[in-house]
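Going by Swiss-Prot, these are the annotated features:
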REGION    1-25  region 'Disordered'
ACT_SITE  GLU112  active site, proton acceptor
DOMAIN    123-364  domain 'Radical SAM core'
DISULFID  CYS130-CYS370  disulfide bond
BINDING   CYS137, CYS141, CYS144  [4Fe-4S] cluster binding site
BINDING   GLY193, GLU194, SER225, SER247, LEU248, HIS249, ASN327  S-adenosyl-L-methionine binding site
ACT_SITE  CYS370  active site, S-methylcysteine intermediate
Amino acid sequence: MTKIPMQPADSTPATFHPNAPTKTNILGMNQEQLGAYFKHIGEKPFRATQVMKWIYQHGVTDFAQMTNLSKGLREKLSEQACIELPEVMHKEFSEDGTRKWVFKVAGGSLVETVLIPADDSKVNGRKTLCISSQVGCALDCSFCSTGKQGFERDLTAAEIIGQLWVANASYMEGVDSTEWQNNVTNVVMMGMGEPLLNYTPVVSSMGLMLSDHAYGLSKRRVTLSTSGVVPKMYELYKDIDVALAISLHAPNDELRNELVPINKKYPLSELIAAAKAYVHDNNPRHKKHVTIEYVMLAGVNDSDEHAQQLVALLDGLPSKINLIPFNPFPHAPYDRSSNNRIHAFSNILNNAGFVCTIRQTRGDDIDAACGQLVGQVADRTRRSAKWQQSIKQRAANEQQSEG
């Protein structure tokens, strides 16, 4: 059974507050939390599963429409509770079928979510949702635009699971059907933020994704991507059974310290050990490998020697390698590796016995590709101002050095 940690008492708005003057947002509560809420308001805890099915399997956010609840309970919930979704500020559609939403969350901050269909011509084909876990990111990876925006705050479980709810709802717009359909088939925690630095809300949200009373996704269809928060990796496989991806991007500590600064705290030896533990100590039926993500930066990490170092580093770790062509952003200090270089790098890995794929860039025309999520639309946050100031300072320094 999946173990879902309870959210801390101050994790608003997805947590029940008995003395709060406003309505309690029950979106994002897991079965245990929602059962406790119903018990507090004088109702049977089993009502939790009924309400969860209405919210996540039928797309209902109006208590009055939850017809298997008594009229009295529906009225009580309408008075005391709410199902508050993140506000859609903007949405864009790419020519390749990719969709991007910009959400406004509590406090006015903006986060982005991306849905990538495997083939937009197939109504029932694979649709992968890339979900954000934080407003901005504190890790400051040098090749990622999100990190350059700085960190503002963690998202709540309601704000995380709400992204999935809205994505499913968007597919129902204009559909001639009286039945709700959950069209998202895969979820990847690869959007804005480092998921393991927002541990409890992220794990609780993934629990809803897996729960038979909510979305009921397969464990193999929910993936968490981490840059390497090693202590939390050891906790993760004890708390929930999902697929793991590692944002590696370099085959040695010297280079990874530059590209992924968290490596200075948790070096590659510790990261790979944690990944091996995740594979071998967890249920082997569901954890046959981890996915290794590796962005291809021209002249930085894409040489034959780097590929050979990567082969040695991953020895003994069941893994699949996903090479990601770099997606440029304004003032990025890197260029994308050439297609020939990427394929040569891939061939070395394949010849060494690894399964290596090259990610197809999707959604780059709407700034929805990997590494491009920054909440650009109507972004007036402190993060944006800080980034703009750094650009001006860099330009001033360059002019000064030229002079």
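Cβ coordinates are placed from backbone N, Cα and C, and glycine is handled just like the others.
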*Other CB atoms within 10 A, centred on GLU194 (S-adenosyl-L-methionine binding site)*: 26
*Give the residue from the binding-site residues CYS141, CYS144, SER247, HIS249 that has the most other Cβ atoms within 10 Å of its Cβ, counting over every protein chain displayed.*
CYS144
*With GLU194 (S-adenosyl-L-methionine binding site) as the reference Cα, tell me which of the recorded positions GLU112, CYS130, CYS137, CYS141, CYS144 is the closest one.*
CYS137
*Report, in whole Å, the straight Cα-to-Cα distance of CYS130 (disulfide bond) from GLU112 (active site, proton acceptor).*
9
_Is it possible to get the count of other C-beta atoms within 10 angstroms of the C-beta of LEU248 (S-adenosyl-L-methionine binding site)?_
29
*Could you state the whole-number distance in Å separating the C-alpha atoms of SER225 (S-adenosyl-L-methionine binding site) and CYS130 (disulfide bond)?*
10
*How far apart, in angstrom, are the most distant Cα atoms among the S-adenosyl-L-methionine-binding residues GLY193, GLU194, SER225, SER247, LEU248, HIS249, ASN327?*
19
*DSSP on CYS141 ([4Fe-4S] cluster binding site), three-state: which is it?*
coil
